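Features reported for this protein in TrEMBL:
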- 1-394: domain 'FMN hydroxy acid dehydrogenase' (DOMAIN)
- Tyr27, Tyr146, Arg181, His289, Arg292: glyoxylate binding site (BINDING)
- 80-82, Ser109, Gln144, Thr172, Lys265, Ser287, 320-324, 343-344: FMN binding site (BINDING)
- His289: active site, proton acceptor (ACT_SITE)
Amino acid sequence: MSLVKPVCVGDFEEIAKTVLPRNAWDYYASGAEAMQTLEENKSAFSRIRLRPRVLVDVSRISLETQVLGQCIQSPIGVSPSAMQRMAHNEGERATARACAAMNTCMILSSWSTTCLEDVAEAGRSVRPDTSGKREVPSPVRWFQLYVYKDRDTTLNLIKRAEKAGYGAIVVTVDTPYLGRRLADIRNRFIIPPHLTLANLEAQGQGEKARMDHTVVDKDKASPATPGQSNTSGLAAYVLEQTDASLTWDVVHWLRSVTSLPIIVKGVMTAEDARLAIHHGVDGIMVSNHGGRQLDGALSTIEALPEVVEAVKGAVDVYLDGGVRRGTDVFKALALGAKAVFIGRPVLWALAYKGEEGVKEMLQLLEDEFKLAMALSGCTEVSQISRRHLILPGDSSVSSQLIPAKL
Ligand SMILES: Cc1cc2nc3c(=O)[nH]c(=O)nc-3n(C[C@H](O)[C@H](O)[C@H](O)COP(=O)(O)O)c2cc1C
Ligand SMILES: CCCCC(=O)C(=O)O
């Protein structure tokens, strides 16, 4: 099939819709319930306006950023998304190669369809284009953790991630149960039979690697347990396997079993950000799971300022959800995110052209972001500030925001 070259991230989505099987498209695209939060994640960005500065020499722009103290080429990383081989046979390997080539951070899902060792190996075999640079950096790769009821299963995953060179554990905290994604419920979605949750399979847990015999044992489940009625196979699997009783104690448990930095993914409030700091995390990802969990939750770009304020610079704050343009990246950084991460666009890009597609999409977003910086008068990411924005609540030029002498 000849495909027109995408010129914006939305073009990748249009193409993916035409090439992906319906089951896969529905799983990737859907948000929870009325999909309000899914839409809000995107539309909230467009309610923020930019205040460009002019007559700055923008002939050279650097996007270089640090995450957990490690340099990456741009502040645009890749969020964990499960089951990437539904989009392209090379799945997570292709994503790892693309991220390594672009020298950006990839977060691998616990529920990848390629085992974490193979993904690490795929990324290792690629060198970023460092022409003109002295040092060849090793790719930044983190492991996203779902905590199983069976802690030995979880511990095994962590130990393997450590051994394979993953640089952080990103524990997802917004998914004690799966949100109701209506298309998946209608499709009775489970992982397709030719694929497995490869990390579980690799540790000899074949029954946990498939979902075909997942049953919700309604007799044993407590009447107080949410999410039992008319669910997708995936939701039933989550109910059966993962630990809905997690509390902040999980951070201490993780500390006791690994020396890797710990990032909590799914924080949306100042209160939880303060608790995260209190419990000693190394990073916070503001995320509502791409609108797939609590429908009606605030957009992530609107939640970001209170989290940044609560954290007071103690640790890196990242954001994902609805980032589709370079100007979105700019806005998130101006509100204090150290980097942004993208979810669905990676799946669309995989469906379009595998590794090359992901590279093309990341390159496009980088180029858009670079242009947004240049047209706003910024040459380094550290120059991007709150002064470059007007938020919906601001008067057009707020006197408290802009000191009179400027
Ligand atoms: C198909 C799909 C699978 C996902 N799987 C995971 C996962 O395994 N672990 C996780 O923490 N988040 C998962 N997420 C959430 C993403 O990490 C991320 O928070 C979200 O997609 C960001 O929003 P965006 O898609 O608008 O960029 C998934 C999202 C999608 C769309
Ligand atoms: C426990 C959730 C499974 C994968 C996922 O995170 C998603 O589909 O959003």
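Glycine is no exception: its Cβ is also placed from the backbone N, Cα and C atoms.
Mapped onto this structure are the features recorded in TrEMBL.
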| residue | record | DSSP (3 states) |
| --- | --- | --- |
| Ala82 | FMN binding site | coil |
| Tyr146 | glyoxylate binding site | coil |
| Arg181 | glyoxylate binding site | coil |
| Lys265 | FMN binding site | strand |
| His289 | glyoxylate binding site | helix |
| Asp320 | FMN binding site | strand |
| Arg344 | FMN binding site | helix |
Cβ under 6 Å from an atom of ligand 2: which of these binding-site residues qualify? The list is Tyr27, Ala82, Lys265, Arg292, Gly322, Arg344.
Ala82, Arg292
Can you figure out which of Gln144, Gly322, Arg324 (the binding-site residues) comes closest in space to Tyr27 (glyoxylate binding site), comparing Cα atoms?
Gly322
Consider each pair of residues in Tyr27, Tyr146, Arg181, His289, Arg292, all listed by the record as binding glyoxylate, and report the largest Cα separation in Å as a whole number.
19
Cβ under 6 Å from ligand 1: which of the binding-site residues Arg181, His289, Gly322, Arg344 qualify?
His289, Gly322, Arg344
Go through Arg181, Lys265, Arg292, Arg344, the listed binding-site residues, and name the one with the sparsest Cβ surroundings, counting other Cβ atoms within 10 Å.
Arg344
Cα-Cα, whole number of Å: Pro80 (FMN binding site) versus His289 (glyoxylate binding site)?
10
Counting other CB atoms within 10 A of each CB, which of the binding-site residues His289, Arg324 comes out lowest?
Arg324
